[in-house]
Structure formats: structure tokens, C-alpha cells
Amino acid sequence: MRILLSNDDGYFAPGLAALAEALDGLGEVVVVAPEQNRSGASNSLTLDRPLLLKKAATGFYFVNGTPTDCVHLAVTGMLDKLPDIIVSGINLGANMGDDTIYSGTVAAATEGYLLGIPSIAISMTSFEGNNFASAARVARELVERFIRNPISEPVLLNVNVPDISYSDLKGTEVTRLGRRHKAEPVVKMQSPRNETVYWVGAAGAAADAGPGTDFNAVERGFVSITPLQIDLTHSAQLSHIDQWMK
């Protein structure tokens, strides 16, 4: 069993270290992660310059690129044998609803899925990071389940774990993505050089957080597991747009 790990918070992130430690012993664990924090990088690839692959004292490999770069490089150019599963995380902060479009954590797992490898993105639903051990244990249980009962087709799972102790988790729920309200406006500030600068605003609050959503599950103390797909076709609008074009 070969397990490839990546993230978007960078190879130095405590969530990645906790994940690697938790999965140790389940197989050969290889870590390839960004050199810097690349949160919000989505599925971007670096096409305007070469990528450098280096090895840290921890044994983790790091790349001067995006999370997608890391997985793509590892799978198509670095590893002599394909990983059996890819796990991305543990992200500091939730990746629910619309977050999945922007998330580098989800993107790393998505790249694995596109390359035909079962992939999991796992995030902790706060920015405090008090309970990485809980999310790490959830990740181990999912990988153990995969080892015992492999899924016949590549799968892409988005997992969100409440930032509480493992004993306080209520269980797991398979969910759909909820929706957020539109993001908060950018924040305008003056730099020390008296330049006007802008920071991207916070994500919008939950708009669709009803039963069955990822938002609803984690709010009630459950681990949310959402199977994702790549097809962005709005099937319900096909006939409408077809008529509109005539």
C-alpha cells in the first residue's frame, strides 16, 4: 500500500504532520506538498516556469508550486509506482459548499482523482487547530476502510471534521455540498508605504445549510463526507439553453 499525501497549507503545516503520523504503519507514506502556503490556489497548474522538487529534513518532499502541481508531479514524474490512495490535508479551516471551488486542499485530491487514483480531501472546520488528532484519526479510519474494502472505481471524497475531541464526535454522515452567501467585500487598507492595498474578504456565511448538507452535519458535531464529481455541466439547463440559441 502506497499512500501519497499533500496539502495546500505547505509542507511545514502541523495538519500535514499529524496526518502523516496517523497514517504511518498503514503502508509506505510519501509526502509531496507546496513549499509555501497555497491556500485558495484551486486547481491551478504552474506553466510559466519549471518546478523544483526538494526534500526537507523531515523526509517530506516540497515543490515550489501549487497543490495540483505537487500531486501531478508526484504521480506522473516522481514515483516509480503509483499510489493506491491520495489524502490531502489536514486543512486548517473548513472546505464546505462553495469552498470546494477555491480550495487547494480539495484541488490536490481532485488531481489524484483525475489521474485515476482514489483521493480524499480532509479539513478541520475551524482556524484554531486545537484537535488535529481528531481529524487525523478520522483520516486513518477512512484509509483503513479503503484497505479492507477497496472501492472499484476512483472516488473523490471531501471530508470535514469538527474541531472537537474525537470522543465528542457524533459519528459520520454522507452529505451533499451546501451553499454559502456571496463572499464579504474586499478589505481596503493603507500599506506602510502609503499604498492602497486590498485583502480578499471572508467567505460568506452558510446560505443552504439544511438537512443533508455538509454545513448541517458539522454544526451537529458529525464528520461530513461528500462524494464529489468533476462534471460541471448544468444538465437541467441543457434544453433551455438549446431553445434560447434557436
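From the backbone N, Cα and C atoms, a Cβ is placed for every residue, glycine too.
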Considering the divalent metal cation binding residues ASP8, ASP9, SER39 given in Swiss-Prot, which of ASN64, ASN91 is annotated for that site as well?
ASN91
Which are the residues of the chain, ASP8, ASP9, SER39, ASN91 excluded, whose CB is within 8 A of where the CB atoms of the divalent metal cation site average out, their centroid?
ASN7, GLY10, ALA13, GLY15, ASN37, ARG38, PRO67, LEU92, GLY93, SER103, GLY104, THR105
Which of ASP8, ASP9 (the binding-site residues) has the most other Cβ atoms within 10 Å?
ASP8
Using DSSP and three states only, what is ASN91 (divalent metal cation binding site)?
strand
